[in-house]
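Student: Structure incoming, see below.
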Amino acid sequence: FLGAGKPPMYGDYEAQRHWQEITYNLPIRQWYFNTSDNNLLYWGLDYPPLTAYHSFVCAYIAKLINPDWVALHTSRGYESRPHKLFMRTTVFVADLLVYIPAVILYCFSLKETSAKKKVSTCALCILLYPGLILIDHGHFQYPLSLGLALWAVLCLSHDWDLLGSMAFCLALNYKQMELYHSLPFFCYLLGKCFKKGLKGKGLVLLAKLAGTVLLSFAACWLPFGTDVEQIMQVLRRLFPIDRGLFEACMFSSPTHCPDKVANIWCSLSVLIKIKNVISPRTQLKLSFAVTFLSLLPACIKLTVQPSLRGFKFALVSCALSFFLFSFQVHEKSILLVSVPVCLVINEIPFMATWFLLVSTFSLLPLLLKDGLLLPYAVTTPAFLAVCLASFSILEKTSAEDLQLKAFSLSLKGYMSWFKSFPRIVRSLFLLSLALMGILSVLSAAAPPPQRLPDLFPVAVAVVSCLHFLLFLLYFNVVILWDSKNRGQKKIS
C-alpha cells in the first residue's frame, strides 16, 4: 500500500483504518470536528455520512476480531498481515454485495446482450477493467459509491425511478464526487416529468421524486440534523474550497502531488502557472464557468429528449467535463468517468476500450508510487486482449459502429476524408497504444533528467489530458447528433 510503514501519515490504507478508529471510539458529534482525540490534520473524515457509517460497521467487526486494530490513539499506523487480510476482505465483500451484482444484472438488462455468452462477455470486460481493480485493491478504497450509482442506473433502465433516485442519493451520500453524475440523473428524470406533462402524471412523478430525495438525505443526515453547526462543519469538510484549484497537498506529501492529474488545469500549469496568475476566488469562478459551459449541451439535449441511451452517454460526458475542468480533482476521480464508459462498452466497444486503457494509463504516476507496476503491467494488456477477443474492436471502427453516422451525413460533401475514417481511427489507436507503452516503460525504468525530475509524470498527465479532450468532443458529438434514441421505451 502507498505509504505503508512511512510515518507520519502512512498512506490511504491508514486513512480507512483511522476512520474506523474514530467512528468507533468517538461520539458522532465529534467525527468531523478537530478535538484532542480527533486531529483533522491526520486523515480527518472528509467524506459524507454514509462513509462514516460504513467505517463504523467495519470497526465494530474489527473490534470483535482484534481490539488493537481500532484502539484510540495507540492503533495509529497499525499494520499486520491479519489486519491487511481483514481490510482487503472488507473491500472484497463490498464488491461482492454491491458492485459485482449491479454489473451482472446490468449486462442481463441489455437488449443487445440477451444471449448468455454475450452477457458473460460484457460483464467480464467490465469487471476486468484494470483501473478499478488497481485503485480498489491496490491504492485501497471501497467501490460502494460507484456500485450504488450502478444500481441507480439499473433501476432507471427498468423505469423504477423512485428506487433509482434513492440509490443515487445513497451513492452521493457515500462520496461527494458522485456530483459528477448528478446532472444527468436530474436532467433525465426532469425530462421524463416534462414528457409526461407537468399538469398530470409528470407533476405526480416530480413530487414523488422530490419526496424520495428529501427522505433519503434526511435519513443519511439524521444524526447531524439536530445541530446547524454540525451540518456546516460536515459541509466544510466535504468541500474545502480554500485549498485552491488543484487537489490540495494537505500534508505536504509527495504522494499526492496535484500536478500529476490529467485534467486541463494541471496540464496548462506546465505552460502557465495558473496559481500565480489568478487569485483563488477567480480560479473557483473560472473553473465553475468552464465546467458548466462544457456540460450544458449534453444536459439540455437530455432534458429535451430524455432517453436511456442518451442518459448513459450523458453520464460519460458530464463526468468527463467535471474531471477535466472542475475544482480540486484527484487522479482516481477518472474512475467516475470510466464506470459510465463501461456501461456503453457493448454499443461502442472500440472507443470504450480505448478510453478505459487511457484512463488506466493516466493513473500510472499514482500506481508507481503505490508499488503497483507489476499489477498494472499484467492487468492492462490482459484487459486489452479480452476486449479484442470479445468485441473484435479493430473491426468496429466505421462511422456507424462509432455512432457517428448521423454526424458524418451532416458533413457529407464537406469532408471527403470521412471515407477513410475507419483506417485513420485504427492508426490513431495503434499510435496511442505505442505512445502509452513507451511512456509506461520510461516512467518505470528510465531515470528522469536532473533538471526535470517530474518529466515522465507530467508527460503522462498531458498526453492523457489531450486524449480526454478528444474523447469529450467525441461523446458530445454522439449525444448531440443522436436523433433516433434507438432501443428506448416510449415515455408516456
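The backbone N, Cα and C atoms fix where each Cβ goes, and this holds for glycine too.
Below are the features I grabbed from TrEMBL:
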type     : residues : note
TRANSMEM : 85-108   : transmembrane segment
TRANSMEM : 120-142  : transmembrane segment
TRANSMEM : 148-172  : transmembrane segment
TRANSMEM : 202-224  : transmembrane segment
TRANSMEM : 310-327  : transmembrane segment
TRANSMEM : 334-361  : transmembrane segment
TRANSMEM : 373-394  : transmembrane segment
TRANSMEM : 424-446  : transmembrane segment
TRANSMEM : 458-481  : transmembrane segment
Student: At least three Cβ pairs under 8 Å linking the transmembrane segment (458-481) and the transmembrane segment (334-361), pairs spaced 6 or more in sequence?
Tutor: yes
Student: Below 8 Å between Cβ atoms, which of the listed ranges 148-172, 334-361, 424-446 makes the most pairs with the transmembrane segment (85-108)?
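Tutor: Most contacts with the transmembrane segment (85-108): 148-172.
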Student: Out of 120-142, 148-172, 373-394, 424-446, which stretch touches the transmembrane segment (310-327) the most, going by CB pairs under 8 Å?
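Tutor: So the stretch in question is 148-172.
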Student: Other than its close neighbours in sequence, what residues sit by the transmembrane segment (120-142), given a CB gap under 8 Å and a spacing of at least six beyond its ends?
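Tutor: For the transmembrane segment (120-142), the nonlocal Cβ contacts are 1-2, 11-13, 16, 54, 87-88, 90-91, 94-95, 100, 103-104, 107, 110, 113, 332, 334-335, 338-339, 342, 345-346, 353, 356, 359-360, 363, 366-367, 370, 372, 375-376, 379-380, 382-383, 386-387, 390-391.
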